[in-house]
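Shown next, in structure tokens, is the structure this report addresses.
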Amino acid sequence: MEEKQLSGILNGAVPGEPVKKDENSRRGNWGNQIEFVLTSVGYAVGLGNVWRFPYLCYRNGGGAFMLPYFIMLVFCGIPLFFLELSFGQFASQGCLGVWKISPMFKGVGYGMMVVSTYIGIYYNVVICIAFYYFFMSMTNLLPWTYCNNPWNTPDCSGVLGSSPRFNASLANATTSLVAAASEVVNRTKRTSPSEEYWKHYVLNISDDIGNFGEVRLPILGCLAVSWFVVFLCLIKGVKSSGKVVYFTATFPYLVLTILFIRGITLDGAINGIKFYLTPQWQKVLDAKVWGDAASQIFYSLGCAWGGLITMASYNKFHNNCFRDSIIISVTNCATSVYAGFVIFSILGFMAHNLNVPVSEVADHGPGLAFVAYPEALTLLPISPLWSLLFFFMLILLGLGTQFCLLETLVTAVVDEIGTDWIIRNKTVVTLSVAVVGFLLGVPLTTQVRLYVIIKMNYFKDVEMMLGFPPPLFFKVCWRFISPLIISFILIFTVIQYKPIKYNNYVYPGWSLAIGFSMALSSVVCIPIYALYKISRSPGATFRERLKFACMADPKWGPALQEHRTGRYAPMASEDTVEARPLKEKEDLTIQGSNGSTNTHNHPNPSA
């Protein structure tokens, strides 16, 4: 008794109260539900909220873009978010294990792993560049403030003119500011100090995608730091990352608020916000606007990447994931809108100082994070402080998503192998994935880096888990509306495809072929594994093998025996089930609570 009390105290329990234990002692669970919600918010809220949504909003009609964006959120984003959370939570399995519901489609899980691998490698490179800018901001003068550096070209024209060491007085500095602003207006081509710092110093980009050039050692070092930080935060799986997210998922909101308050007090900020919100209703009739809205919802929420399934798999069985899906989805989209105010207040200030329209300083992607915004920061008093805050926010936003991407891969490997040794030594798997991810990211630190279906039975499963059935709206979205929207996006993307360019550089055909191969590598997993599964299934005809391959695995269902009730209550051993012929499996019956007999095509004896 004394030993138990001592153990409880060491585990943080209050004396006299029972020790909190994981419901699933083998896999583990979240410490509490707040950790899951914060982790999911950190996964969904990422770099795209800061640099992609504001640009899409301004490009697609300003405030008018909000209409298709929120329609896509309601009819596609939230339903699919809820679907993935309930899927992982019900089976307590990652993106591979959940496909026991229909083994033929396990290729979807492999496709998710491929997508998470690609995004994880890319994301950590972006995080490492944010680390680099963060370190370089620890100075009295930001290095991208002036044009008096070895990497600058004759086309460089800074808003602040020459470096202070060339100015004799404050009056000269003011004169220089006016002259530089006039020069910006009169020049047909201007490159800012921040743009040249990004291109010629940080990236030092090569002249062709085939020319890898040298490895940039500072960037390589920052990449190692990025992967090391991610590994440390995931060293004990969700037990450690669940504690880290209390900071990484909340602090960016504090930084956004500080930057917002500072931004709206600047001259010209209101013009930037007006530009961001002014609706251009005629653009709502443009199909491309709706396509951009749908793609942003998928990109931002992280659907079909496997992360949502993985995070939910560590929930307790009866957790209300329906409530969680709405909270997380709405929080994510509200963050995007809020970030737009922050970004465009600064861009409005920047346009005011440059005496140019806001449209000429608005940018997207890395161009916004590492060119336009850093330049705006140089115009603020105590600019290194604001720079430190901004890039620290980018680091935290990236890490929140990266935690889930890495955990997706680790969980898939551990669940698939499933031995006691692999579960006990999950840290080794995490380290191995991190090392491989780092090595695959090394080529991106060179000078070429910038170039480079649910069954009807599942409705009952959700009701069994949550205590209430999915609302009719979600059933309709899962079966009809969401698939139609996804099909629309796919078709529209193919029709509207244009060759990729970076500034004036046109990518050669062989590089585009590699890009298409990478894009298709996640999709081909689905038919390849389906054909493999059909070929290995029993049956005299193709139709029989196909039917068997689509049946749920006998192990499908809640992970814990205590939750396997109703249709999943054990009535026979798995060995007996596996020994039965195909026809007998198809004719399995379930004795209902009213004594009637119902027939189901389900190989699980409890189905």
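Note that Cβ sites are derived from N, Cα and C of the backbone, with glycine treated the same way.
Automatic prediction, not curation, is the source of TrEMBL annotations.
As annotated by TrEMBL, Na(+) 1 binding site applies to Gly42, Val45, Ser300, Asn332, Leu397. Annotation for Leu397 (Na(+) 1 binding site): same-chain Cβ neighbours under 8 Å, separated by at least 6 residues, are Val45, Gly46, Leu47, Asn49, Val50, Pro252.
Marked as Na(+) 2 binding site by TrEMBL: Ala44, Asn49. Summarising the environment of Asn49 (Na(+) 2 binding site), the number of other Cβ atoms within 10 Å of its Cβ, over all protein chains shown, is 25.
Per TrEMBL, compositional bias 'Basic and acidic residues' is recorded for 577-588.
Taken from TrEMBL, the feature compositional bias 'Polar residues' applies to 590-607.
Per TrEMBL, the feature disulfide bond maps to Cys147-Cys156. All protein chains included, Cys156 (disulfide bond) registers 19 other Cβ atoms within 10 Å of its own Cβ.
Feature annotation from TrEMBL assigns region 'Disordered' to 1-26 (among others).
Here TrEMBL flags 572-607 (among others) as region 'Disordered'.
Under the heading transmembrane segment, TrEMBL lists 36-54 (among others).
Taken from TrEMBL, the feature transmembrane segment applies to 66-87 (among others).
The transmembrane segment annotation in TrEMBL covers 108-135 (among others).
Residues or ranges marked as transmembrane segment by TrEMBL: 217-235 (among others). The list of residues near the transmembrane segment (217-235) in space but at least 6 beyond its ends in sequence, with Cβ under 8 angstroms from a Cβ of it, reads 124-125, 127-129, 131-132, 135, 202, 241, 244, 399, 402-403, 406-407, 410, 427, 430-431, 434-435, 437-438, 441-442, 444-445, 449.
Annotation source TrEMBL lists transmembrane segment at 244-264 (among others).
Panel annotation: around the transmembrane segment (297-314), residues 24, 27-30, 36, 39-40, 43-46, 48-49, 52-53, 69, 72-73, 76-77, 80-81, 84-89, 91-95, 97-98, 109, 112-113, 115-116, 119, 238, 321, 329, 332-333, 336, 401, 404-405, 407-408, 411-412, 489 of the same chain, lying at least six beyond its termini, place a Cβ under 8 Å from a Cβ of the stretch. If you look up TrEMBL, you'll see 297-314 (among others) marked as transmembrane segment.
The feature transmembrane segment is assigned by TrEMBL to 326-351 (among others). Outside the transmembrane segment (326-351), and at least 6 residues removed from its termini, the chain residues within Cβ reach (under 8 Å) are 37, 40-41, 44-45, 48-51, 53-54, 57-58, 66, 69-70, 73, 77-78, 81-82, 253, 256, 259-260, 263-264, 266-276, 296-297, 300-301, 357-358, 360-362, 368, 372-373, 375-376, 379.
Taken from TrEMBL, the feature transmembrane segment applies to 385-406 (among others). Taking Cβ pairs closer than 8 Å, the transmembrane segment (385-406) reaches residues 39-47, 49-50, 116, 119-120, 123-124, 126-127, 130-131, 133-134, 137-138, 142, 226, 229-230, 233-234, 241, 244-245, 247-249, 251-252, 255-256, 258-259, 262, 302, 305, 307, 310-311, 369, 373-374, 377, 430, 433-434, 437 in its own chain, all 6 or more past its ends.
As annotated by TrEMBL, transmembrane segment applies to 427-452 (among others).
The stretch in closest packing with the transmembrane segment (472-495), judged by the count of Cβ pairs under 8 Å and taken from 66-87, 108-135, 507-532, is 66-87. Taking Ala44 (Na(+) 2 binding site) as the reference point, the recorded positions whose C-alpha atoms are within 10 Å of its C-alpha, out of Cys147, Cys156, Ser300, Asn332, are Ser300, Asn332.
A distance of 36 Å separates the Cα atom of Cys147 (disulfide bond) from that of Ser300 (Na(+) 1 binding site). Annotation for Asn332 (Na(+) 1 binding site): spatial neighbours Val41, Ala44, Val45, Asn49, Ser300, Leu301, criterion Cβ-Cβ under 8 Å with sequence separation of six or more. Within 8 Å of the Cβ centroid of the Na(+) 1 site, not counting the listed residues Gly42, Val45, Ser300, Asn332, Leu397, the chain contributes Val41, Tyr43, Ala44, Gly46, Gly48, Asn49, Thr335, Gly400, Thr401.
In this structure, the C-alpha atom of Cys156 (disulfide bond) lies 38 angstrom from that of Gly42 (Na(+) 1 binding site).
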